Amino acid sequence: MNQAQTGAPMRLGVCYYPEHWPESMWADDAARMKALGITQVRIAEFAWSRIEPQPGQYDWGWLDRAVKVLGDAGLQVVMCTPTATPPKWLIDQHPDILAVGADGRPRRFGSRRHYDFSSPSWFEASQGICTAVAQRYGQHPAVAFWQVDNEYGCHHTVVSYSPAAAQRFRLWLQARYGDIATLNEAWGTVFWSMEYRSFAEIDPPIETVTEAHPSHRLDYRRFASDELVRYNRMQVDIVRAHSPGRPVAHNFMQMFNEFDHYKVAADLDVASWDSYPLGALEEMWFAPQIKARWLRTGHPDFAAFNHDLYRGMSRLPFWVMEQQPGPVNWAPWNPAPLPGMVRLWSWEALAHGAGCVSYFRWRQAPFAQEQMHAGLHTPDNQPDLAAHEAEQTAAEIAVVQATGLDGAVRPRVALLFDYEAKWLFEIHPQGADFHYPRFAFGYYSALRSLGFDVDIIPTDAPLDGYSLIVVPPLPVLPQGLAQRLAHSGAHVVIGPRTGSKTVNVQIPQHLPPGPLAEVMPLRVWRVESLRPNVTEVVDASALNLPQLNALHWRDLIEADAAVEILGRYADGHPALLRHGKLHYCASIFDEAGTRDVLAHIAQSAGLAPQRLTDTIRISQRGGLVYVFNYDTAAYDIQGVDAAAFVVGAATVAPQGVAIYRQAAPSQ
Amino acid sequence: MNQAQTGAPMRLGVCYYPEHWPESMWADDAARMKALGITQVRIAEFAWSRIEPQPGQYDWGWLDRAVKVLGDAGLQVVMCTPTATPPKWLIDQHPDILAVGADGRPRRFGSRRHYDFSSPSWFEASQGICTAVAQRYGQHPAVAFWQVDNEYGCHHTVVSYSPAAAQRFRLWLQARYGDIATLNEAWGTVFWSMEYRSFAEIDPPIETVTEAHPSHRLDYRRFASDELVRYNRMQVDIVRAHSPGRPVAHNFMQMFNEFDHYKVAADLDVASWDSYPLGALEEMWFAPQIKARWLRTGHPDFAAFNHDLYRGMSRLPFWVMEQQPGPVNWAPWNPAPLPGMVRLWSWEALAHGAGCVSYFRWRQAPFAQEQMHAGLHTPDNQPDLAAHEAEQTAAEIAVVQATGLDGAVRPRVALLFDYEAKWLFEIHPQGADFHYPRFAFGYYSALRSLGFDVDIIPTDAPLDGYSLIVVPPLPVLPQGLAQRLAHSGAHVVIGPRTGSKTVNVQIPQHLPPGPLAEVMPLRVWRVESLRPNVTEVVDASALNLPQLNALHWRDLIEADAAVEILGRYADGHPALLRHGKLHYCASIFDEAGTRDVLAHIAQSAGLAPQRLTDTIRISQRGGLVYVFNYDTAAYDIQGVDAAAFVVGAATVAPQGVAIYRQAAPSQ
Amino acid sequence: MNQAQTGAPMRLGVCYYPEHWPESMWADDAARMKALGITQVRIAEFAWSRIEPQPGQYDWGWLDRAVKVLGDAGLQVVMCTPTATPPKWLIDQHPDILAVGADGRPRRFGSRRHYDFSSPSWFEASQGICTAVAQRYGQHPAVAFWQVDNEYGCHHTVVSYSPAAAQRFRLWLQARYGDIATLNEAWGTVFWSMEYRSFAEIDPPIETVTEAHPSHRLDYRRFASDELVRYNRMQVDIVRAHSPGRPVAHNFMQMFNEFDHYKVAADLDVASWDSYPLGALEEMWFAPQIKARWLRTGHPDFAAFNHDLYRGMSRLPFWVMEQQPGPVNWAPWNPAPLPGMVRLWSWEALAHGAGCVSYFRWRQAPFAQEQMHAGLHTPDNQPDLAAHEAEQTAAEIAVVQATGLDGAVRPRVALLFDYEAKWLFEIHPQGADFHYPRFAFGYYSALRSLGFDVDIIPTDAPLDGYSLIVVPPLPVLPQGLAQRLAHSGAHVVIGPRTGSKTVNVQIPQHLPPGPLAEVMPLRVWRVESLRPNVTEVVDASALNLPQLNALHWRDLIEADAAVEILGRYADGHPALLRHGKLHYCASIFDEAGTRDVLAHIAQSAGLAPQRLTDTIRISQRGGLVYVFNYDTAAYDIQGVDAAAFVVGAATVAPQGVAIYRQAAPSQ
């Protein structure tokens, strides 16, 4: 492990919209892309109205010429299917394409993603346009890579409550449960007389007087996710049929959890994602002071989390399909990245294993919704800061790849991440701020602050090779996972509420932690959620740790005598427990507490946790170590020989990057 | 007064759902109920889909057997009509049963209370199921008590804007006003050309461009309340016809004010209510720091307020039909009661005159919306803390009843509480936080902190026997009330805005306080509402009181020379006035100010106010005094002979209860 | 300039609703109006249901008598068209009159302004009632003045999304763009495949999945404003045809920006507005502590801003058509004005050039939505404070007019104010709190604190005669404005984002500041918006100014070498630039910073800025100086001879007014 591998690609790309600009500019654009060191060019993902301006009448001329210009310049084209933006004539022909909101009203044309995954008209129309594009460019020599659709689910478009969705949901339920009695039993519809006599009686779970049944709601979310999986697979199959041998990707979104990305990625060759560290900071759960602190850099662990997540679900090296190059337009506030950040983010992606970082977009568009979204060039076609930073990155990539040390990322620490957990806690929170992604990110950030590379993995991933596995609150433990964790050889840290639900959203027969109790004999006999202005303190002196602050939640636990109590609340209830290598946290600890607990357990696991400041992050890929400085001050790397530096030096400037050769194999 | 009465019942009950559990468990459940000291078992209020699984096909077998099991164990059954949860087949047959929201859209099936009080189909279907259940069990020897429906109005279901409601509203208006000219005059529709030419032109007051007419809105609220009254009376009449001699109750909700509870209760034998002190704390108006302070005990005056309210409107001793036994599921956050609180709450109910405290529920259900709602037992059928506390309470009841001193609650202090006042201030607030229940509770809490037992009474209640009567802001003074207050013999404290409206929501001819001016010659010539960050100080040195802080509101008053000015604002306007025994407050004073004013007036009234800390509350029922300790520290009762204690002792543990014999009649 | 003019009118009026009161009261009301010094009486603007109680059946009797009573008392009647409140029978006849909200649902009858400017039925019905009223009273000797409709747009009623509006929007687009290809190009619909094949394909921009196209949205706002202009012109034309020679006004609202008031005012003789300083304070953007500070006075610059705005757009002297006389009913909280404030507000209006101040209303109505809105008299017909203050004001007017110095307001400072700017920043904010009216008001308030009289002017106003012109952020610079500013001779201060958009909402070809760059060679190559908890400091030591605090926004600028950099951010970017007399601010400075910058530039412009406290304001009209004291303490005017005072004296009481003769012409 941690030995260098060679041959992994490190490429740069860009998103390009020839249809937005005069054809006379294309050749110059292509030449300058090449000159900057860009090799991949994504096109056409929103171009349906230009490809098929009238129903059934295709206009390939402009796109043929655009592809030729790019190919002639030595660039590789990432061709897209344009299904994220069905044109107006199609919507007018088939109004049932429009998804229906939770308010029971159909959405309208005029932005994007105005479609319903369950609409038969839409499915057919999508097959048509995908086939047309794939046939046209599937064998084109300049086309090296595909992207299907664009940002599935963006703007809350995974779930629709249309009649078509309702009809397909009933079929989905029938397939899952077989007969209605089984469903009634599985859900527990006897409660509140919600029993159904047939699948035909079941509607989408909206506009109810008070909350709808949680099993009903979770199944609707699963169904919606499966509809998306089916739709994606249709597109992938069409592209593969007409363009064999070329990787097919989709560009996922950052910390977006409304469908099961593992399932969609299983049908792709490449999981790519769109990285907007500043926009994300504004839009996510972070407190105002955190948003101000990382205003122009983004949170140091946010892009990294997504890199590690998508790396794991990608068969080939993952991509950053869209990289923020400057201010964006879509967050409530849109500050500019500090000089150097675009380079830093690019190297951060590569250090986490990215095969390509593709900037969004070549040139800022002067019109429409995203006219305030920066690009590598300003609308008047002058290079913006990001163009220079991309160019520098391209040059540095050549240096790094020349070392032959640009191998794989091989973490010894894993974090389990599960999409259904997010939906379940959202549907059935019990505490209004029990926010799964926030908690998972909290554990991740603590691990990164200890200097660890991290794999983010699904519940069915192999667990061997890890020394430390962190399981954020995982309500439904799949069959066998508890045993696999116990026998993985790793130290395991498990969050509260784990094993608290069956797959049908019931409380397990012998109470939480459900199947986990087979390997860690606990009984969670009571739980309580805590409002934000309440903190419980935990005495962790058994571990020589300072007092921990517990937030959000308490599992009250009866533990078998064989289980060690490592920490207790003031009222004596266990707060942190150990059984063999398994550790159970009965609450969410605050940032410092999480870090202290994980550092202690990592040490026990034979790892060597560091104590990085919150502005310094370290990654290892192949035989190289990457240091990222998010600080406003320079950072001095200690104990590394000056000759070891491949990029930068021991003093890392603010927003700087340093890359050095690993002194010796770490074990 | 305050003399002991004997024979008042003190019983414990439980809510039980045999349909949720295997029949094989029933007998054991019943035996253990009995063993705990429980005697009353409420069943079937959500069981329609099991009673009538197909239209017109009843399945009585299971319910017959359940009743028999309970009866055989010596338990008394509280049988319910199951109308809170109409089954899906009924909704599909009659979609007009679904109520329509203020957004003009019908609600959907999938939770509970999905019905419209004005729907003729629903009225007929309700008659059918109620008759069927009442016929089946009306004479059953195990059935001793009835509950009709469940928590009327829960989840904002009092008011519907359906076509059926609109139609019945027009009839209601016609009955109230006779002809349209009278309505136009009563409402003042000449304003903004809102005049109607016939009742048929009048619609529900929703979706208007700006606020709808306040008289229109208040009448719609009155109409909706009356629809509920009519619906309840239908059920009560059916049950009484088939089950004569058995009390009929409904279980009201805590501090729920969307219909006129006095009117509904007038048709019942027993007013019962559902007590969830922790859930209420989270959901009500309390500030975050108050919510944190009473996190695991609830506010010491909240359950008491409801006890005193429902006691007054119940012909037989009121019940707590559902008592919180542990964490609930439905508040934003759901902490656990401290050990001892379930016992404390139970005794608190009994001390305030409850005839029965019934725990919700026997065993936590492992499925559906309320799976996180604790019971006396966990889902794996182990006793939870509350089971032990119930058992202790049952044993203590026996001791208390053996004293023969368990008589009636006989307060000398009354608080007027009015439902229409709440609606009117909500419709016509003039100050955005003029919140009637909050203000009424503020006066109540101050009275309790002075050690007083309190009757909460409607505006038409007899006033004799009271030494102190508090009238929170009462916009509409019913005919004769002012005179009755003046001649009651009691000292009376009256809040601002009293008498500020006529019954049709107009300003009284000679301005506020309207009819009150006949007995207290004031003229409120101007009013102003104050935003939350504004406080006005009041000089109350005439009463030797410290400066008062006035909030929310100012009545600016011209007073007859005969009226004494007891307190003035900094700008000289009267803030507190006295005329004989009548006292008028021109503002809402803060907590300390309210307490100081009431203490002073109580003293004048010949009462002996104590100064309890906010954690200690005292009640008297019959010949016994009950002390409740909400504190985290023990409390020492002074001056009571050790031999006087029936339960507990002079040192009351945190969350503890002590009960002692009253030394001598207080007067 | 600043020389006294004589003969300008200063009158008082009142809003009166004879239909609300018994006819027996009318003559006494009229006599008392006269006695108070009131000469103008507005009537009938909500009286449709009394004028036409049944379709086509007019009842003129009562209104004829009311007009006669007023005329006989020597009062002049302001007659209104009653279109703000169509009666129920009309709505039932033509339900399409109801506007449709952004939720796609029609509004309902039951308040006011329930009409759609684009409805053909409504247009026709309005022509009918306006013609009827204008024919009846157009030549009546007592009718001296007209008001059409009432408060256009109140309660968000400018924009409707009805089918009728959609249809007229398509025609509007066709007229603007000619052919669909031009529209597609102008908007940039190629983005996200939003291209249209015909105007018929275009819908209102609502219920889209994410934000609709900004050009589409801005054009919809322009269209809606134009619909209102067309509707107003129809009314004005009818009134003028039947009542030649009498001025026609509309009563606009305070700081209301949902339509282009300049365009509507161009069709009127008099722009009047409705002044509610306390209600406005509560409802506008001010922070809670500001709302508490000016609780009972209103913000000292708020009414003034509106006076200066409407003065500029009024052909004849503007009116305050409704003046707040006491507490209102419609703000979240409704405090009472301090004694003296009604007089102060009245004089403030007159000092800013008002021709009439008309109090709303004669007597508080005891019924309906506004029953808590004070008047000159209480509902029991007693004079309220405002009646006395009006009477005092009337007496003082006589004194002032007797000086012969009551001429015109002649500012040397102008502020550009633009309605489309507000819409554009609302549609396309880029920073969530980029609030145009707030920023414009910030500049205005700073200018007033420096003692300046200010003209608020549209972008096409003549610029000559000004020494200082302030341009708040103006995204679209009309053709020629940049040159006119540069050659105006004035010092010009320009806010950030000026010139940042073309008229079609695109980024200008050479980037912002677009056409401004022709006269001030800048290139805004990047922008960033800043969240509220972020402040950037600016070093303005080049101007000997203290450090400035920059908020909300940064333009990052490349400036030609000829441009002076007067202030820089900590990272070196220019924050304040000068080129000749043109000054460009790259951010919004805070209150102190804005004042410092404007004071400095004003000094350079040859003006003599004063440093008034925030409680003192000064105005000059004709040969008189008006001093307004918003303080709680008295204010001493320095250096004015006692003999110069026309009203008041050198010591101005709290909430007081002083008026004195200007010592000598200022230039």
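Placed from the backbone N, Cα and C atoms, the Cβ positions cover glycine too.
Under the DSSP three-state reduction, A:GLU151 (active site, proton donor) is assigned to coil, being neither helix nor strand. Counting only same-chain residues six or more apart in sequence, the Cβ atoms lying under 8 angstroms from the Cβ of A:GLU151 (active site, proton donor) belong to A:ALA84, A:ARG113, A:ASN251, A:PHE252, A:MET253, A:ASP274. The annotation active site, proton donor is assigned in TrEMBL to A:GLU151.
Residues annotated as active site, nucleophile in TrEMBL: A:GLU322. Under a cutoff of 8 A between CB atoms, and with a sequence separation of 6+ in the same chain, the neighbours of A:GLU322 (active site, nucleophile) are A:CYS15, A:ASN251, A:ASP274, A:SER275, A:TYR276, A:SER358, A:TYR359, A:PHE360.
Positions annotated as substrate binding site by TrEMBL: A:ARG112, A:ASN150, A:TRP330. Using a 10 Å Cβ-Cβ cutoff, A:ASN150 (substrate binding site) registers 24 neighbours.
As annotated by TrEMBL, domain 'Glycoside hydrolase family 42 N-terminal' applies to A:15-397.
Confidence annotation: the domain 'Beta-galactosidase trimerisation' (A:412-607) carries a mean pLDDT of 98 in the model. Taken from TrEMBL, the feature domain 'Beta-galactosidase trimerisation' applies to A:412-607.
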* Residue among the binding-site residues A:ARG112, A:TRP330 whose Cβ has the most other Cβ atoms within 10 Å -> A:ARG112
* **substrate site span - longest C-alpha distance across A:ARG112, A:ASN150, A:TRP330, in Å** => 16
* Asked: Does DSSP put A:TRP330 (substrate binding site) in a helix, in a strand, or in coil?
  -> coil
* Structure fact -> Chain C contacts from recorded positions A:ARG112, A:ASN150, A:GLU322, C-beta within less than 8 angstroms, listed by sequence, come out as A:ARG112
